[in-house]
Ligand SMILES: Nc1ncnc2c1ncn2[C@@H]1O[C@H](COP(=O)(O)OP(=O)(O)OP(=O)(O)O)[C@@H](O)[C@H]1O
């Protein structure tokens, strides 16, 4: 499917509003408003309270203002000389002016409180998102839906602000409407009928028009996307050469005429409907107003209401229609932004399914796993969700404290996956892992992880200083420069870091001023140093030297050899000369363990290890 024809997720809210009928909108509205209030209240109670209370006060003042207006009119329409009438109206006029000024001040207070509230809403919502994304198990990132949901949720965090703002505006509109209704009923109950006649049909027409407006927006958004795709094809440098060499000009221009012609036809149809709906809406509004005037005339003739009340009602109807326009507009916006916010809520619900079970998390009340005496991998299997074959297949092996272990095998044989399982980063789909004869889960996988240092094959290049990059290996400990430098020396990174413009304080991120980037091998040294810094009972190094020069590689493996006999190390490498000293070498094939032994034993046997080693050694000999 061409990208421009694909419905884009970022139009979710607009599409939902375009598809939903008025009943559907009102059915969902209370739920969305509840969510907005909960989010705002959770983010900042004080400001939410201020906005709500001030808006309500503003409504009371609006009602009061209308009643004061009526009083002014009563005095002006009374008998007697004009100066006397004006003088009699002055107190009510003063009240009216006071109420109007106070309303203005309250409006400013609402704006001020909202300005403070919305960034806090964004902060709280976004933080909750990151709390989830950092807590979910690694397997969540294997799910494509998770990544897409995350993207949508990011838009949802912005929608939270819109939702809160729109809800508050909706509340302000409703309060204004209610204020008018109360004032009108106070003047004369029958005037409420006039108000309903003026607002209900107009409100309905405005909501219908909103629905069609969203449709029209969507119709033109497809055209915009089509235009965008074709523009890239016909006007950009990347496609310019091929366009000419294959003579694609005519083809693309015909395509342009075709899609744009169809699109403009569709847009015209929608535009006609928008015009029809808004015209009908305007006609209904006009009839409603005529109805109101007719009703007021009848009530006046019948002596049911005085002239001042009728005049106030005309002013009230105008105020009500202004408030109604605000309400209908905000209903649409609450609905649309609510749909985006729902994406965020859905993502959090989905992410909750990936959170580690509470029994898997360590806690102060549990004894820690302590120093390693024996690590057992018992019948462990692991299959990635989208794969038919297991990456690790019923694998059993035992590692004793102080040993240096090597995992060897061809690409894709499951070494990194096994290392991730042993590191507690992935839960096996079968079998179990025992740390000192107790399952990881019994210790708390989080706790076990604290006792393991891992240098991953696809390590991350953290955008911090060189010192922080290394200190992050043990983030709970205070960063001690001596420890950082000692770890860097083991990884052959110390001299290289000293040569950077600011030494250990050099920022390793080119996007910032004075930031530096490193070569692949230099990054690998930093990664190894990070793992060395955490003085863990178990160190796992997955391809730690693939990008290192021979000198750095030699230094690194010397440091690793220094651990042998005291600390436990698991090494994954394709450079087999580096692991001849290992206490045990495990050879993997298609996720299964096919050979185990020392270098000497495996070279004596006729198997994969000897073949791989001999092949590599031959390269050096020749
Ligand atoms: N995130 C993933 N999603 C799906 N399949 C994966 C994923 N990671 C690895 N695999 C697959 O699992 C199998 C084992 O991969 P693994 O990375 O453990 O192999 P490896 O022995 O470390 O390979 P290499 O020597 O290339 O580093 C491979 O078939 C690989 O394609």
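Each residue, glycine too, has its Cβ placed from N, Cα and C.
Please treat TrEMBL annotations as automatic predictions, because they have not gone through curation.
Small disclaimer: the values here were computed from a predicted structure and weren't measured.
Looking at 279-301, 302-324, 325-347, the stretch flagged in TrEMBL as transmembrane segment turns out to be 279-301. As stated in TrEMBL, the feature transmembrane segment covers range 49-68 out of the listed 29-48, 49-68, 69-88.
Residues 40, 92-93, 95-96, 99-100, 102-103, 106-107, 109-110, 113-114, 117, 168, 171-172, 175-176, 178-180, 182-184, 186-187, 312, 315-316, 319 of the same chain lie 6+ residues outside the transmembrane segment (49-68) yet bring a C-beta within less than 8 angstroms of a C-beta in it.
Under 8 Å from some Cβ of the transmembrane segment (89-114) lie the Cβ atoms of residues 47, 50-51, 54-55, 57-58, 61-62, 64-65, 68-69, 71-72, 75-76, 165, 168, 172, all in the same chain and six or more residues away from its ends.
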